[in-house]
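The next block holds one structure in the form of structure tokens; read it before the comments.
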Ligand SMILES: Nc1ncnc2c1ncn2[C@@H]1O[C@H](COP(=O)(O)OP(=O)(O)OP(=O)(O)O)[C@@H](O)[C@H]1O
């Protein structure tokens, strides 16, 4: 795996800008029924190797990946649709980051994962429940089956249980031959780490799966569970084979593993470059180079390729005779309707149960309503109340939009991680996902702007008619959904929550400027006028103004100039004459629909893509 230098690097370094070898001539075999540990210092290429083994190296124009990847005796390196399907069925890949829907219980999380792989057309409910029970037991998480997964806001299961749940999600309803696991023990205490590796070992020994995991300096009792070792240094392999043969190999090279030392720690230290001083750096680099060269020489002389071929042939023969060996099932995606209902159930549970977020949203809405209600308290019908009304309607529109936008920006970027992971294994389409998400969020999402309206409307003394209040609330709710739709579109392209939170308000500020209060669209350069057409703030403000001012009579001030006794005059000055609240609502729906379609397009376009392995 090679990484080409960036344009900036080429410009800066000229001919010295050389491609970086991330993986260099790494070769080997992982065998069924055995647990293989990939070890090495940070940056040695462990994750890259695992990504390559699972054929999930993120696609990049700068990367080239060449080699041969075989599962059993079938070559699967090329990212063709057929190979991807075969890989999805045969390989379970548990990545380092484990993100789940926090409000679902462990059982519900697994039931959803099972529903994605075991469509109702092929499996009964009891078969799915049985699969969930089996994997709960196998992963040792049956005791927390009814606990919520949790997150930073809601206390849930422990980090180790989350890791085992991530593994369980990859296993339930499928029969992968190969399980790849990136740093399953990172961030865990020694006890939790031990339990996770025990689960992996059980998968290898009981279910005869090929289990490969990368790991950082495991303690002795964990090392004892590994059957094989792949030791990496600077993207090169320094040792690959049985753990039991490693001491002899390193002793032969003049580095005997001390009897009282943890072999894992000793070996990782041995292949690490010490940068604390120039002399130490030179010395350690020379040592690593010698170790890598020795392994490469041994590989050539022992003809590793022939060894691998022999292993593959042996395994293929075993598969034929061993009935306990798992067979990769040809999983099929559920139909569109089934996908929709499954995802609707999950989203609804998440939204309804997320008490911590809902409480924050409610208190924010109430606070804003009370603050605005107090500032604009009982405005009356004086001439000066016209300006107050315009101000209140504008800030109400901005407040509803910002609240919905920020909620979506923060929530969707982390949800996208789960969605992308599930899409990588082809579990569902984006259309049922987005439709289910919208339907689930509709009632809860509408509640907060409604609560805001219910408090601010009577406090400020806006148009005192029930139908006008209903329209006010409807317009604010609609605007809030449009803002959410903009948030979804922004989050679809943002690489992280931080980026989304920076991009979203920047877009919204443009819509606020064109919100109908600060600038007259006819006075700005032509190239900016389109913003006026798609400003959700403008449409909300226009609808709210028409709803408020139509039919309202204001008291005369008795001054000579400037009185606007009729609400119609105010609307005329704003340029809203001849329009209705319904017109504004329709425009709002158009903006929201466009943003939902844009989100769908962006999600489809930005689907996770993987690097093909060139032969
Ligand atoms: N797509 C990429 N673009 C740029 N650099 C990359 C890319 N993929 C890998 N690298 C680089 O390749 C090297 C190996 O990365 P990798 O993540 O595989 O290491 P690792 O051994 O898993 O490290 P750690 O233990 O810290 O997770 C690192 O220097 C990393 O920055």
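Every residue, even glycine, has its Cβ placed from backbone N, Cα and C.
Just so you know, TrEMBL annotations are computer predictions that nobody has curated.
The structure displayed is predicted, hence computed values, not measured ones.
Cross-referencing 472-494, 541-563, 564-586 with TrEMBL places the feature transmembrane segment at 472-494.
Between the listed ranges 423-441, 442-460, TrEMBL ties the annotation transmembrane segment to 442-460. When the ranges 400-419, 500-519 are checked against TrEMBL, the one recorded as transmembrane segment is 500-519. Outside the transmembrane segment (442-460), and at least 6 residues removed from its termini, the chain residues within Cβ reach (under 8 Å) are 351-352, 358, 361-362, 364-366, 368-370, 372-374, 376-379, 392, 396, 399-400, 403-404, 469, 472-473, 476-477, 479-481, 484. Note on the domain 'ABC transporter' (3-259): mean pLDDT across this stretch is 88.
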